[in-house]
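Student: For reference, Swiss-Prot lists these features for the protein:
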- Arg70, Glu112, Tyr125, Gln196, Pro197, Trp198, Ala199, Phe200, Pro201, Asn202, Ser203, Ala246: substrate binding site (BINDING)
- Cys99, Cys102, Cys117, Cys120: Zn(2+) binding site (BINDING)
- Ala162, Glu182, Glu223: divalent metal cation 1 binding site (BINDING)
- Glu178, Glu182, Glu223: divalent metal cation 3 binding site (BINDING)
- Glu178: divalent metal cation 2 binding site (BINDING)
- 126-253: domain 'Nudix hydrolase' (DOMAIN)
- 163-184: motif 'Nudix box' (MOTIF)
Amino acid sequence: MKILQQDDFGYWLLTQGSNLYLVNNELPFGIAKDIDLEGLQAMQIGEWKNHPLWLVAEQESDEREYVSLRNLLSLPEDEFHILSRGVEINHFLKTHKFCGKCGHKTQQTQDELAVQCIHCGYQTYPVICPSIIVAVRRGHEILLANHKRHYSPNGGIYTTLAGFVEVGETFEQAVQREVFEETGISIKNLRYFGSQPWAFPNSQMVGFLADYESGEITLQESEIHDAQWFSYDQPLPELPPTGTIARKLIHVTLELCKAEHKCD
């Protein structure tokens, strides 16, 4: 981090937790003085549109109006990823001010994105929590679940199954475990789909497609309110927002369901 001078120039990333400051739905751009950033701490984390991209250290009090990162999923993917990166870096810096080994204060390293203990020298890098997310298909049907956190009296969002990868577990094992734990369904033909940084606050969603193998839906009631098979040609419940990897998985799987039905 450096103390910003009045003429420091570029795009500016300001965060408050998972919220960001935007001007007309875009990152503020210009010199530090014009955006009231002079004297604040910031670090350059790359470039955006051929100009320096600065991440400003979070302030305890800030009268600017911030918008939730969740409300920005419709932005172009590269822009959403830039915003997610800023949120995750500031989360890391805010939660690693002290050494996890000896408890003394840390400081940022100069040559890489990390913090180092000023007492014992222990170095810590940004923590990324890997999570799997999977769409399961059975012929021309897709398995969708209404998680308890998504439930509402009107039904709420139905989405794909997801969960954190456990210690010592492969992504493939995590997918099979999560699907079976939450729905009692066994799967096969597992294949990688894609990934998405998920800065709430520091996950990496790794997406898969899978086919049904066996079993009847048996809910993990502590996690899942409802789960059903939905045919591609029937009315669907409320789905995750456009821009999420969950929505992309659902779209691709519904296309596979449609193709399967045409081949019957």
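Glycine is no exception: its Cβ is also placed from the backbone N, Cα and C atoms.
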Student: Compared by Cα position, which of the binding-site residues Cys117, Tyr125, Pro197 is the closest one to Glu178 (divalent metal cation 3 binding site)?
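Tutor: When the Cα distances are compared, Pro197 comes out closest.
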Student: Cβ within 8 Å of the divalent metal cation 3 site's Cβ centroid: which residues qualify beyond Glu178, Glu182, Glu223?
Tutor: Ala145, Leu161, Ala162, Gly163, Val179, Glu181, Thr183, Gln220, Ile224
Student: Among all the protein chains here, how many other CB atoms are within 10 A of the CB of Ala162 (divalent metal cation 1 binding site)?
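Tutor: So the number of other Cβ atoms within 10 Å of Ala162 (divalent metal cation 1 binding site) is 24.
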Student: Identify which of the binding-site residues Glu182, Glu223 has its Cβ surrounded by the largest number of other Cβ atoms within 10 Å, counting every protein chain shown.
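Tutor: By the 10 Å Cβ neighbour count, Glu182 comes out on top.
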Student: Cβ within 8 Å of the Zn(2+) site's Cβ centroid: which residues qualify beyond Cys99, Cys102, Cys117, Cys120?
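Tutor: For the Zn(2+) site the neighbour list reads Gly100, Lys101, Gly103, His104, Thr106, Ile118, His119, Gly121, Tyr122.
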Student: Using DSSP and collapsing to three states, where does Glu178 (divalent metal cation 3 binding site) fall: helix, strand or coil?
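Tutor: Glu178 (divalent metal cation 3 binding site) sits in a helix per DSSP.
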Student: Measure from the CA atom of Pro197 (substrate binding site) to the CA atom of Ala162 (divalent metal cation 1 binding site) and give the result in Å, rounded to a whole number.
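Tutor: Computed Cα spacing between Ala162 (divalent metal cation 1 binding site) and Pro197 (substrate binding site) is 14 Å.
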